[in-house]
Structures are given as C-alpha cells and as structure tokens.
Amino acid sequence: MRAGQRTAVALGALAAMLAMPLVVTSGFWMDFLILTLFVGVLGQGWNILGGYGGQLSFGHAVFFGTGAYVQAILQTQYGWNPWLAITPAVLAGVLVGAFIGYLSFRYGLRGSYFALITLAFAEAFRVLATSIEITEGGQGIYLRLNRDPDQAITMLQFASGVGYYYMILALTVVALLVAWWIEHSRFGAQLMAVRENEDAAEALGIDAFAVKMRAICISAALTASAGVFYVQKFLLMDPFIAFGPGKSVEALVAPIIGGMGTIFGPLLGSIVLHGVGELTKALTAAAGIDHPGLDLVIYGILLVLMLAFLPSGLMGLLRRRARPARSAEHA
Amino acid sequence: MLEVRGITKRFGGLTAVNGAGLTVPEGRIVSLIGPNGAGKTTLFATIAGFLKPDGGSVMFKGSDITALAPHAICRRGLVRTFQVVQPFANLTVRENIAVGAHARLASRRQALDRAAEVAERVGMMRQIDQPAADLTVAGRKRLELARALATGPSLLLLDEVMAGLNATEVEDIVRVVRGIRESGVTILLIEHVMQAVMSLSDHTYVLNNGAIIADGPPRAMAEDPRVIEAYLGHGASERLAAGGKRA
C-alpha cells in the first residue's frame, strides 16, 4: 500500500470509529467497545517497552495503578478538578517508570530478571496501597458520582457510555500515533536495535541505557493514562484492581496475541481477547456453568497457543501474507 | 590517529592481553594477526570500549578514550565490527544499515537514503529489503561492515570480516575495503586470510599470548622466524629453513 492510500484507510477507519455510537446503541456492546479500546491502550503502553524495546514487563499494573491512584486521590482528598489531575497522574506514572528503569537498566538487568523486578514492584505497590492511609487501604477509593449532564465535560463523568467511548477513542488515537512515531523515527530505530542486539547497538553509537529509559517513560505515561481513564469510568480504585496481576496480564497478552512491536497489534489482540472472553461467558452461561474467571483460563490457553505456533502474533500472520506483494513493490 | 599503549586485560587468573601497544597512522590500513587465542579480539573490544582494561591507555585523535562507553567512542568516529556477526535479525538490511546511519543523522528519511548508498557501496543492493535473518554468512559479514561504515567513522576496526568466505567473496570484500580506505577512512583489521592481509595492509602487528611480538611490513612478517614459531610451534622456523635447503 502506498503512503497516500494508507492515510486514506486510516482516516476512513477513524471516521468509522467516530460514527460508531450512531450504530451501536446497546449498552452491552458500547461497554464491549470501550473495554476493548481500553485494553488496546493498556497493551500499547506495554508494547512500546516490551514489543519495540524487547524489555518484557510482568508488572505493568504498577504504572496503571499509579496513574489511577493519583487521579483518584487528587480529586477525593484534595478536591482537584479531574482535568487538572491528569498531568500529575501521568507524570507520577513516568516517575515510577524512570525509577524502576534506572534501577534495572543501570545494572543491566534483562530478560526474566527485568520481568521479575517489574512484578516485584507491582506487588510491593499493592501491599503499600493496602496499608497506607492516603489510598484508604484495602477498601479502596470511591469518587463522588456526578451525573449532572451540564458538568459532564468539566467533571469528566458521563451518564452514558458514549462520552467514555470518545474519551478512550481519543486515547487510542494518541497511543497509535505514538507507535507510528516509534516506527518512523530515529528513536524507534534505535529502540528496535537495542531489542535485537544490545552490543551491536552500542557499537553503532546507541546509548542503550538512555534509549531504554526513554522507552520505559513513554510506556509508563501511556499506561498511566489508561489508569486515569479507568478511574473516570468506574469511579473507584482499590489495591487489587490497581496493582494486582489482572492489568499486568491484560497489558501483555493483548500485544502478544496481536503482534509485539507492531502499531495495531495491541488493539487487534484486545479485540480477539475480548471477543473470546465474551464468547466464553456467553457459552458457559448457556451451558449453565457459572465460573467467573473461566475467561482467564481461556486467555492462558490462547497465550500458550500463540507463543507456540504464532510467536509474531496475528499481525505476523497478516504480514506473512502481505510479504510477496511488498517485495514486488520494491523490485 | 590511534595510539594504543600498554593495554593489559585479565579475566580472573588469565591474562588475555599483556601490555600490548600499537599505532595506526591516519589513512593507512594496519592489520593485526596472530594465532587463535592470542587476544586479538579482546584487544579490539578493549579499544572500542566494550571491555575496561586493567592497565594501559587508548588515545584516539589525540584524546584519551580509555574509559569511554562504546557508544561514546562510536560518536567520536571509531567503530568496530564483530567477529561473530551480530545482525538485527528481524530488521531488513536497509533498516540495519540505517541504524548505523542514525549515529549522525536524526531524520529517518535521510538515514534510510544513506543506508541505500552504503548498501550500494558494499554491494548489497540486491538484498536491501530482505530481513537480515535470511542472509548468508557472506551477506552477514557484508552487513556488519555496511552498518559500521554507515556511522561515518574515521577509523574502522574490522574483526575477521573475511572469515568463512570463499575466494571470490574475499576478493570482493578486499575491493570494498580498499574503496573504503580511498574514501578517507583509516582501517585496523584482524584477519586470518593471509591473502587479504598481504594485499591490503601497509603495516602488520603480530600478537601472541597477549603481547605484540613483532611488527613491520606484512611480507617481512610472514617470513619473520618469531612469527612462524608463534603459529607453528617452537623450532618450526629452523625446520622450515632446513626443509627449504633440502628441496
């Protein structure tokens, strides 16, 4: 596809997404769309560091939860306007990212060691959030409900799903643009070089430490912004939602299924994941088996199958199909 | 341009490089030869900043670069290749070379254009859109060279870029290396392919057991008894000389 065609397709897709609420009117499907886009953003955050940078994190919830808690606390404890809280919330995520990154990358932790460090941080933050006062301990924080339609925009609370849909759509566009920028910039080229071979990257003049630090900060910022959205949508935050394994797993499973280190991989993975999740729920409900958490089992099986048979994800499958056409274009 | 003085590098109880020194004047091709395990690659890694020496110093363009990180040394214009090739396997040849070009160019467009120029220079135009993982050994060696060249170095450290290549491929690379020198890049190379050492280098250093045992013009080195003994064992040069008389 030529660049012009590509832009046209992207704009067409965006227009379709903008018009979606006109077509989708049921609350169930609206929520489905919102959650799918939300996990797409969460996954894109992970993808920047894990997919493009090759630094696989098992504890991305630490950034999600930090962003979410700061967004919640500034409103409930200090009476901030939600719009004003966004910047500090995202910055707090970045700060935590910089801290973890500095500790890990300065001492050259890679692979499973880095994964364990992130996991440990997420767990430590969960315990911390359970035990300190400002997060209101294990019971969590509840934001004041404000469904006044006149204040919907200023208070970032919407009576129907449509408002949240546009909010998460905007975040999705930002996340996709960040990934696009990674693929078309010097920074992205250097990040991928570090992923492929750190020694060779260093030999070619790349400061691997600096590149990884930038990547973890960008990654944390995106993930924290997903946390901000979550708080505004559900108006609550507790230690388990914030820092538990659930968000960490969703953040990494979506891009792995969709395709690590690709622009649309996380979103595609999220669509498949939620599609399968909903299908599982519907099927088990129809069969009369009611086990919450069965969808997580399915996620696990999917993940194993993907890694065994399709390590480059669904995007890898699409790309393999497209490759002959691509080389013909350059010939 | 490069002055290496008294470099010593130990790994635990093993002294891999022991007080080795060498000088590379601007515009020359200097080679470093020696038997396997002599410490050539270790010396290279130390010069390029990958290993911290236990003693000695590396001066490049008049300033001390001994304690610098590899990326900082590369930005000053000294770049190495790896004996065991290290391609970015999931990137195409063009993208691989562009990573090198980004050392000087911020714009993606310019870096990709420079990558094509460099690919042309080392004869990789045909493979330019292939993933690096699909290249043959010869192709990977070329890519290693191309990437290093794309960083715009003034001194290139080539670690066995000809190992494992057939005679025709060696001739090709020799031509490429000569072209690089003519474009104004100084070269220090480690090589086992003597045909290449002879035809390319102006000056040769011989490393054995971590120390420089001889240096001079490549032809003289090939006949130097100390060098022959280093390669073939004690007494070999006498036996060779005796054998030569009998024949």
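Placement of Cβ uses the backbone N, Cα and C atoms for every residue, glycine included.
Note that the structure is a prediction, hence the values are computed from the model and not measured.
For reference, TrEMBL has these:
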TRANSMEM  A:49-70  transmembrane segment
TRANSMEM  A:82-105  transmembrane segment
TRANSMEM  A:164-182  transmembrane segment
TRANSMEM  A:213-231  transmembrane segment
TRANSMEM  A:252-276  transmembrane segment
TRANSMEM  A:296-318  transmembrane segment
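Here the transmembrane segment (A:213-231) touches the transmembrane segment (A:49-70). Their Cβ atoms form 3 or more pairs under 8 Å, with each pair 6 or more residues apart.
Same-chain residues lying 6+ beyond the ends of the transmembrane segment (A:164-182) with a Cβ under 8 Å from its Cβ atoms: 14, 17-18, 20-21, 30, 33-34, 37-38, 40-41, 44-45, 47-48, 52, 156, 158, 188, 191, 218, 222, 225-226, 229, 232-233, 262-264, 266-267. Through the fold, the transmembrane segment (A:49-70) approaches residues 42, 85, 88-90, 92-93, 96-97, 100, 110-111, 114-123, 125-126, 129, 135, 141, 179, 182, 188, 191-192, 194-196, 211-212, 215-216, 218-220, 223-228, 230-231, 237, 239, 241-248, 251-252, 255, 259-262, 265-266 of its own chain, all at least 6 residues removed from its boundaries and within a Cβ separation under 8 Å.
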